[in-house]
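Asker: Structure below; questions to follow.
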């Protein structure tokens, strides 16, 4: 019995449910997620924190899709090298995606995991949704 | 089936190897490489001697640029969305509508549920029936590169066209120069070859230049081929355009969009363990909690509905007798750019739910639009959850079973049918056989009407369900993108099932010969055509083609979102019969019209027929493939059909 109990403690918490934060298309097809606070998270995280996270993500995606000198140069270079440059160089978007992955990892470690939540990188779902996994809170009992 | 849920996305059922799809791309490659090589070997030496060696150099550079863009357009992932996973889909209640409306820059745009990929297609996304994938910013499927053109590779496709036009002009021009200087030596091999190359160049110049011009206009207007050809923004405003210059800049200079498929999925390295921190509750939340205890389910469902339906019209509050949850908010549905139809009640995503035939019929009279689900059935239990949290088993589902009119949301993934009178327990729907014979003629008709899409071609389990199998099978059939595919158009001519369709009009006909919809999805046709007896393969695709004879049919209305049935006939037998008739008529009409479609001009009632760029020499024999290659169908409301002759031999027949 005691053993089972400690084993349960060691195991990762069980998934209770998942929330999906949808894309915000109000500004067109640019990658942007809705900052509206989902109801399921009401008792798990502060609205402010959630909104901040999503807003930061939106800003990062905006940076990735920005039509700047950077992306223009990249395009020119690609053209000139008959696109072989893509074999060795990482595109601007990919660089930002790495940044985003890091940011999500950080957020998970610092903020979300202690709250029993987990953010999943939306790139895994084609940048359509941000998946937030809500873990079962066994220690306190159901809310 | 596991294959369609693969995380890498895009696998679906393994498509049979179709060598015919490689013919155009092989021909294009052969012509491009062959003609250029001949030009470089036979014409260029003289040119470099006579004028300058920069001429061949210039031609080689242009040629390599053309080739590079051609390769990129051919081999690059156009922006395929991976299939959504189960957990994402569960969130959408089976009653969820076939369409979700989103506001893009002040303009209502509809997002349609993709039954294959299991998500609402983002704006500008479309499902390619050739590739069986949803592609971001879908332009068209190009047979010349044997690939979809979408967000990621549109730039290369455009540059390919541009550079190819220039290349053709170069080759033609310099070959002409050669010929002009060799008019007395035309019997030489070199001259003969040069003339041949000139002919090829001249021949391809017109369609290529035409297509290039077409795309220049598209880019300037910020439209995709799909949008142009389906007339989405005709007379309306395009919310996706940012002005000519910005559109061009965006197309050429934006950073290469990432691919979604084939990415390494890093597992979460973070340990999530209780005890968890909790945010401090606000007063309001505390109060809510207190009230909440007794009616946990419904409250949370209401909250969920509020929070998750920001991009859709809010569903009406759940009521026990609420039959048509979608009706109140369907008024907004049609404010979209698709100047398609006056507002019609939206139908629902079909989860293999069941409705009793009576209710279904009543429902059908109210809904002439596509239904994603057979969710006309009301649920006696309170939570009409559009957004149940996933992973939570829905007790209401089981309790609904008692009402004897709902199919299971959870259980019916395989596409159980929408035959009337099902009793649903624990999320599974079980057809009620007693109802079958009575209702099958009408019910199967309507049920198959509504079920155009299912995620899986799960004919197996369906067949085993006996008399209800026809309607189930109809649900199992998928339409790729909710619209008709050319291949499926051809099916009627090939399969007896089309004939059997007319049998379905006879009441009391064996249910197995119940409604068979005219269209099989490509895979259905290919995979199951030989395997199953024709009558057992209704195609829900047809369903949405001919929704009704009495209510004005809109092809859309019938396009069930995948497992749902479109608008069922207005009344049991008579409606059903007329529906059946109209369906067979419709199918037949298409049948007859099919061969002439390449030349274009045959009006197809309530049907949008678009053929893009048939390779000129191969019209009759390869019409099937060519047509199949370019399916851009959208269902339009009934009305006239407008034939639009495009560039390079394109013919668009658009029903307006």
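A Cβ is built for glycine as well, from the same backbone N, Cα and C atoms used for every other residue.
Predicted automatically and left uncurated, TrEMBL annotations should be read as such.
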Asker: According to TrEMBL, which listed range is transmembrane segment: B:84-110, B:111-137, B:192-218?
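Answerer: It is B:192-218 that TrEMBL annotates as transmembrane segment.
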Asker: Can you work out which residues elsewhere in the same chain, 6+ from the ends of the transmembrane segment (B:55-76), have a Cβ less than 8 Å from its Cβ atoms?
Answerer: 25, 28-29, 32-33, 36, 39-40, 44-45, 47-48, 142, 145-147, 149, 152-153, 156-157, 159-160, 163-164, 166-167, 170-171, 174
Asker: For the domain 'Palmitoyltransferase DHHC' (B:110-230), jot down how many residues DSSP puts in helix, in strand and in coil.
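Answerer: When I sort the residues of the domain 'Palmitoyltransferase DHHC' (B:110-230) into the three classes, I find 69 helix, 19 strand, 33 coil.
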